[in-house]
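Quick notes on the structure that follows.
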Amino acid sequence: MRNNNFYKFLIVFMSTISLCGCWDIKDINKRSIPLVMGISKEDDEEYRLTLQIPIPKSNNQISRIVTEKGESVASVLGKIRTNSENAVDFSQIQLIVIQKNLANNQRELRSLIKFLMGSEEIPSRALVAITDDNVDKVLSNINDKLGVNASAIYDYFNKGVGWAPELLNTPIWEVYRSPFLSTKDIAVPAVRAGKDTVLVFEGSEILRKGKLIDRISPEESQFINMFQNKNVKGKIENLGVATVMITNSSVQNKTSMKNKKPQVLSDLNLKINILERKEGTTNNRIRKELERVTEKRFYDLLKQTQSSHTDIFGFGQQFHHLISYHELKDWRNDYYPNLRVNFEVHANME
Amino acid sequence: MKNIVKEIKSKFSNHHDFFIEEELVDKTAIYLIGFNTLIDLPKSKLYVQQIAASSSSVKALFINLSDQIEVDTEQLLKAILEGKLVIVSKDNEENVIVDPIAQNLSRSIEEPKNESAIQASMDAFGEDININIGMIRKRLNTERLCHSSYQVGDLDKRRLSMLYIKGRTPNILIEKVNQQLMQINSDIETIDDLNRQFGKRRLSPVSHLSTTELPIQAIHSLKKNRIVLFMDNYPFALVFPNLIWDMFSIENDRNFPFVLTFMLRIFRVIGAMATVVLPALYVALVSVNPGIFRADLALFVAKSREGIPLSAFLETILMVVIVDLILEAIVRLPKSVGPSITMVGGIILGQAMVEAKLVSNLLVIVITAVVIASSAVVGMQNSLYIRLLKYPILVLASLFGILGVWTGFIFTVIYLASLTSDDIPYLTFKIEQEGDTK
């Protein structure tokens with residue numbers, strides 16, 4: 001009886017070994033770990049895929065840039081895998097840089113995002129960025145800069161809102177989700193290769209149902225972070241008469257419907273720290289000035305987005321309890337252009 | 001009728017330490033019989049002579065010496081083997097078994113050798129079962145402390161004692177243990193022999209009994225509704241049943257403020273978890289699922305493993321086995337050689353292997369952490385069995401990665417949960433009080 005059990009156990013154990021596929025297991029040092037993937041398309045014909053792969057051998061890390069062309073992204077990935085010296089492990093890809101001319105094509109962009117999302121190897125948490133530059137230039141830029149780590153691009157986007165309040169980070173899954181949302185649009189950061197730093201943040205590209213609409217400036221992208229209630233501390237604002245640093249921020253929204261028109265009462269509380277001022281400027285004046293500048297900037301952006309029917313602030317999310325599900329589908333066209341936002345900034349000295 | 005003396009003499013003819021001394025008391029010859037390796041003969045003789053001086057006759061002498069008079073030959077033989085002095089009168093009409101002045105064969109009460117107690121009373125159990133039980137009685141003055149003793153074994157009758165507190169330990173448990181101890185018919189040489197009497201756990205690394213050297217710990221176990229067993233000539237109290245919490249707590253912790261006690265115990269839990277999981281986690285992360293590392297950590301790990309020819313599993317199993325070998329070697333070696341082996345081992349493991357690029361820096365750190373962590377748990381046998389548990393998880397991790405680590409861990413917990421001693425699960429934290437005070 002006991003012997004019998006032993007053999008049963010042995011058979012079960014042996015069969016698990018055949019299940020595990022352990023002959024394909026590669027140690028981490030036997031894999032190439034690309035961190036950044038650049039995708040572009042030349043002459044509307046072939047996809048061009050560029051990978052930044054760090055070489056862990058040397059002490060000051062350098063990276064190599066691998067480029068391959070092909071008819072589809074999947075086939076290019078396959079080619080890279082075949083030609084690479086090591087097993088290529090895409091699971092550490094942190095950033096996918098898409099060239100602007102490819103992103104401009106709505107159908108191409110949507111199918112690309114769908115592929116990236118569906119691919120099991122590429123993590124859906126990887127960030128997306130759009131560049132006007134040549135993708136190769138952005139990626140190879142990392143090797144030209146002194147004292148920059150191989151993971152610099154990843155670090156660039158992961159500083160946190162407290163350190164870089166204007167910088168957006170948008171993962172693939174959010175881009176993938178956005179065409180299915182009817183009450184919120186997203187912004188994708190736009191970068192280019194810098195002269196002294198690896199990347200330069202140029203603002204954000206607004207995406208509406210997978211279509212590039214407009215580009216907004218870094219100052220304006222800050223509002224997107226603000227309305228997602230991320231604390232945008234550390235932002236330095238030059239008001240002409242003074243320079244202030246925002247040390248804390250919070251937004252409170254109150255929504256209501258009036259005559260079938262949506263209304264939002266939005267209060268932005270800012271805590272500020274005055275860094276320098278022209279002589280004779282009172283605290284009160286600085287506060288008023290900051291409030292005026294911020295409000296104007298917001299209303300400009302609101303007007304701009306209302307005319308293009310893209311709700312990048314996600315105001316529509318807050319009307320889910322006031323508007324029925326079917327009507328919400330027309331939020332962008334029917335309601336959002338008529339949205340009235342009463343935006344008030346309350347600046348306080350620290 | 002000299003035949004009793006003759007019979008005894010013929011029985012022990014092969015024993016050179018056997019003596020029969022003739023002595024004259026009240027004009028009658030008496031024979032003192034025993035083993036001089038067990039009995040301090042000159043002193044015992046003096047003792048008998050002194051009593052004889054104040055006794056009127058041989059019969060009176062015998063009565064004064066002991067109340068075991070006129071016993072049969074069988075018992076006399078047994079008494080001699082136990083180290084008693086047997087006195088037989090020349091006419092064979094009277095005999096007596098006397099408690100002699102014995103050779104001092106056991107050490108005195110000493111400091112604990114296997115468990116180090118900080119800020120605690122420093123005496124530990126010794127070889128003599130009576131002294132051990134005396135140490136408990138001295139600290140636990142209650143009539144509810146019960147003591148049953150047994151003599152078991154085939155070739156050698158070994159003394160066992162069972163202690164429990166009436167009204168605390170469940171009656172069913174006492175009954176069962178009593179039965180199991182009575183039924184023993186083989187020799188009890190080691191704890192494993194005794195362990196086997198409590199049910200089949202032949203291939204299990206977890207014993208039914210947890211050992212302790214400290215009287216305080218034994219008393220605490222008694223108060224916590226458990227049974228404490230003593231074996232003659234074995235300087236440990238054996239607490240039955242062995243529960244998982246014994247691995248993490250000793251009563252002595254509570255000599256510190258509560259917060260510190262809590263901290264110590266949490267560290268032991270972390271230590272046990274780390275020992276079981278850490279090597280497996282290393283293999284899983286490095287070779288199967290590097291995807292869950294952060295990017296910079298992944299690069300760091302890849303760099304630290306650059307140029308190492310062994311696969312992660314092989315290098316880990318190599319290191320783990322070497323470290324377990326060293327731990328065992330240190331125990332085996334005499335105290336004077338031990339430190340040099342430790343030093344050589346440390347240099348080979350820490351320095352040479354890394355410099356030769358046979359194993360990675362990171363693994364050495366992991367292994368060191370594991371060795372230290374496995375020693376944090378209470379008791380050597382617990383430390384050993386935890387070290388054993390890491391191997392199956394390590395193998396699973398090398399096949400299935402993170403999934404393997406956690407299924408292995410879960411199966412380990414399931415296995416531990418399946419263990420029972422006399423229907424008390426190993427994972428119980430507290431034995432409910434069921435015994436009645438009567």
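Quick reminder: no glycine exception, Cβ is built from N, Cα and C everywhere.
Annotated transmembrane segment per TrEMBL: B:266-288 (among others), in sequence order. Counting same-chain residues at least six beyond the ends of the transmembrane segment (B:266-288), those with a Cβ under 8 angstroms from any Cβ of the stretch are 247-249, 301, 305, 311-313, 316, 320, 362-363, 366-367, 369-370, 372-378, 386-387, 389-390, 393-394, 396-398, 400-402, 404-405, 408-409, 412.
As annotated by TrEMBL, transmembrane segment applies to B:308-330 (among others). If you look at the transmembrane segment (B:308-330), the same-chain residues 6 or more away from its ends with a CB under 8 A from one of its CBs are 279, 282-283, 286-287, 338, 341-342, 345, 349, 353, 357-360, 363-364, 367, 370-371, 387, 390-391, 394, 398.
If you look at the transmembrane segment (B:337-354), the same-chain residues 6 or more away from its ends with a CB under 8 A from one of its CBs are 319, 322-323, 326, 329-330, 360-361, 364, 367-368. Sequence annotations record features per position, and here TrEMBL assigns transmembrane segment to B:337-354 (among others).
According to TrEMBL, the transmembrane segment annotation covers B:360-379 (among others).
Marked as transmembrane segment by TrEMBL: B:391-417 (among others).
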